[in-house]
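A.B. asks: In case it's useful when we look at the structure, here is the feature table from Swiss-Prot:
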ACT_SITE  ASP67  active site
ACT_SITE  GLU126  active site, proton acceptor
BINDING   HIS65, ASP96, GLU155  Zn(2+) 1 binding site
BINDING   ASP96, GLU127, HIS340  Zn(2+) 2 binding site
Amino acid sequence: MNAKEFLIELLKFKSVTPNDDGALNFIAMELSDFEAFFIEKEGIKNLLLTKKFKDEGEHLAFGGHVDVVPAGEGWSSDAFVPMEKEGFIYARGAQDMKSGVAAFVDAVKNADFKGARLSLILTSDEEGEAIYGTKAVLEWMQERDMLPDYAVVAEPTCVKKIGDSIKIGRRGSINGKLLIRGKQGHAAYPEKCINPVHDFAPVLKLLAGFDLDPGSAEFSPSKIVITDIRGGMGVCNVTPNDLKLMFNVRNSPDTSLEDVKSYVEKICHGLNYELELKQSSEAFLTNIDNKIVQKMNESVQKITHEVPELNTKGGTSDARYFAKYGVKVVEFGVCNDRIHAIDERVSIEEFEKLCLVFKDLIENF
């Protein structure tokens, strides 16, 4: 089947995370000349497809996920019955990221690769916990001395049109929980209470929106973003016993969890508080002079006639795991204007260009 037909079939699988619903088997059958390793961890199904072309040379990998977020209500048609209309294919996962998977499957089928090994790393655990998927496959590969030299993760990276953006890194993510303790009492007798809202009010303006670093050419500043704040009993005559606050920092490599901890401790000095911090993902950056960045840039410009912005914007992805294992990685895919949305769709023209970009990359790597 051709690339579009393959994408349409792939979109029919109700692979709501972490269930692959048979999508991984379907892909393995399409690439029957590749060695297939089904790697399961904690009930999560992953697939490594790999093919050796020669003994010496470079190992290039493509990474992606077949799991999708739930469809939800309000769709114009069944989210798992792909609908083609006016140059678009509508279905859950059309942009995020079955189009990317279908594109690199088509590319490896049709490209003439001159390197040593091609691999496809696929998971059904990216939209959820994302800890037993790509990470587990890379761990398995490391144990067998099979790690790739370079990787492309086919997440939807483009903003307005195919070719306008390549991700060369990602910010990390640090989650924080702050508990300010007080003493509950009657609002008519504030002198007998310890009101954590009053105590914390001057500190809030030092926390909310604060830039922990100035940013760089590649990364925006590591900003503290308040995501939740609550206290009290929902009544007007009782002061709260404590105040609970949650925040997130999308951090660059210039700001660590320890930096966040140090700043919060400094501004909360004198308060009775508890602080909990967790790094859910780490920042990474692939140098713009690296081969994978240069070759991807060349292929994108050649096929799309766009000059892509090389950036680190957006949330986290499985590319961070490749970077952690020392693999030089970039991300490139279709536009992301409808990801996780009702009536998610992908442009057929964009998808076909993506297939050609990946094919060109493989052949000229």
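Cβ coordinates are placed from backbone N, Cα and C, and glycine is handled just like the others.
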A.B. asks: Could you state the CA-to-CA distance between GLU126 (active site, proton acceptor) and HIS65 (Zn(2+) 1 binding site) to the nearest Å?
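C.D. replies: Counting only the Cα atoms, the answer is 6 Å.
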A.B. asks: Using DSSP reduced to three states, classify HIS65 (Zn(2+) 1 binding site) as helix, strand or coil.
C.D. replies: strand
A.B. asks: Go through the recorded positions HIS65, ASP67, GLU155 and tell me which ones have a CA within 10 A of the CA of GLU127 (Zn(2+) 2 binding site).
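C.D. replies: Taking HIS65, ASP67, GLU155 one by one, the ones whose Cα falls within 10 Å of GLU127 (Zn(2+) 2 binding site) are HIS65, ASP67.
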A.B. asks: Which of these binding-site residues is closest to HIS340 (Zn(2+) 2 binding site) if you go by CA atoms: HIS65, ASP96, GLU155?
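C.D. replies: That would be ASP96, nearest by Cα distance.
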A.B. asks: Measuring Cα to Cα, how many angstrom lie between ASP67 (active site) and ASP96 (Zn(2+) 1 binding site)?
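C.D. replies: Per the Cα atoms, ASP67 (active site) and ASP96 (Zn(2+) 1 binding site) stand 9 Å apart.
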A.B. asks: Would you mind listing, in sequence order, the residues at least six apart from GLU155 (Zn(2+) 1 binding site) in the same chain with a Cβ closer than 8 Å to its Cβ?
C.D. replies: GLY64, ASP96, MET97, GLY100, LYS167, SER317, ALA319, GLU331, GLY333, ASN336
A.B. asks: Where among the recorded positions ASP67, ASP96, GLU126, GLU127 do you find the Cβ with the fewest other Cβ atoms within 10 Å?
C.D. replies: GLU127
A.B. asks: My understanding is the cutoff is Cβ-Cβ under 8 Å with a sequence separation of 6 or more in the same chain; which residues meet that for HIS65 (Zn(2+) 1 binding site)?
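C.D. replies: Long-range Cβ contacts: MET97, VAL101, LEU122, THR123, SER124, ASP125, GLU126, GLU127, GLY133, THR134, ASP318.
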A.B. asks: When you average the Cβ positions of ASP96, GLU127, HIS340 for the Zn(2+) 2 site, which other residues in that chain have a Cβ within 8 Å of that mean position?
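C.D. replies: What remains near the Cβ centre is VAL68, VAL69, GLY93, MET97, ILE339.
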